[in-house]
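Just below is one structure, and these are the notes that go with it.
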Amino acid sequence: MAHRPSLISLQWFSILLVCISLFSWTIFAASPDASLTLDYYKSTCPTVFEIVRKEMECEVNSDPRNAALVLRLHFHDCFVQGCDGSVLLDDTISLQGEKKASANVNSLKGFEIIDRIKNKLESECPGTVSCADILTVAARDAVILVGGPYWDVPVGRKDSKTVNYDLVGENIPTANEGLLSIIAKFLYQGLSVTDMVALAGAHTIGMARCENFRARIYGDFGATDSYLRNLKSICPAAISSSGENNVTAMDNVTPNLFDNSFYHTLLRGEGLLSSDQEIYSNVFGIETKKLVRKYADDPLAFFNQFSDSMVKLGNITNSDSFVNGEVRKICRYVNT
């Protein structure tokens, strides 16, 4: 008979996770760099926030799903050598970008949205606003425009001249990853277990591809029969080139509204991605389970924590880019 962890061992494991999280926060926490300030562009480009907001309004009004695309771009950027715009760089003869790494190649879209915002800002304030800042501010505005909370965005980032293709696979959590591995990836970035659970709530507006939830819906998925049938019609059991790119919302109740509905899906056992459901259902997730229940019960608590965690995410900086970085003229290419 399989060995089941005792309640005492689970409690001690939970305490250990909290201690690790607190230790990591003390030693490695992302903190605002001295170069990041709220008024960095006050004299050089005072309309930067207004321009980004107006452009994002157009993008989200044309398709609410654009909000999730920009938010995901920001996350994938910050988790690989900091929030430095490296995710935006195209491949060239001398540079292998991050876009075609396995965790990004079929997952990231919305690059043209950042291109359009950059073009507007180059017309208004040439050579002034970095692509890294544009992406960070646009992610905040994306959340607001679909009903989510506001937070102040410190700015002053530089765009990196480098990328790290290999770090994408190492640092970005995957759809079928276990809870402990995901926690470790967040701690590595200076983000706590609480940050991890709160930031997972961004999936309330996200879409997932068939290949990322096939194993889940043909495994231990605890959904209602009608919902499960619908998912299986979108994502057939057999792997096929035509079905892999089929998508569905990770929050099937309010997919275009930023709210706490995502946590209710986890309570029902209907988290579309295995990695999401792990937050609530993993036997070791005593603390994460409590947080899921808290955010499901209290949307204001979720909004407040999400805002705080997004500031911390945006403050993961690339120290090299502050010394050797630049303000790209075109977000897809290093200046020549």
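In case you wondered, yes, glycine gets a Cβ from its N, Cα and C as well.
These figures come from a predicted structure and were not determined experimentally.
Between Cys125 and the candidates Cys19, Cys45, Cys210, Cys235, TrEMBL records the disulphide pairing with Cys45. Listed in TrEMBL as the disulfide partner of Cys331, from the options Cys78, Cys83, Cys131, is Cys131. By a simple count of nearby Cβ atoms, those within 10 Å, the most crowded of the disulfide-bonded residues Cys125, Cys131, Cys235 is Cys131. Cβ atoms within 8 Å of the centroid of the Cβ atoms of Asp77, Val80, Gly82, Asp84, Ser86, Glu98 (the Ca(2+) 1 site) belong to the same-chain residues His76, Cys78, Phe79, Gln81, Cys83, Gly85, Val87, Ser160, Val163, Asn164, Asn318, site residues excluded. Between the alpha carbons (Cα) of His203 (heme b binding site) and Arg72 (site 'Transition state stabilizer') lies a span of roughly 9 Å. In sequence order, His76, Val80, Ser86, Val87, Leu89, Asn104, Val163, Asn164, Tyr165, Val168 are the residues near Glu98 (Ca(2+) 1 binding site), counting only same-chain partners six or more apart with C-beta under 8 A.
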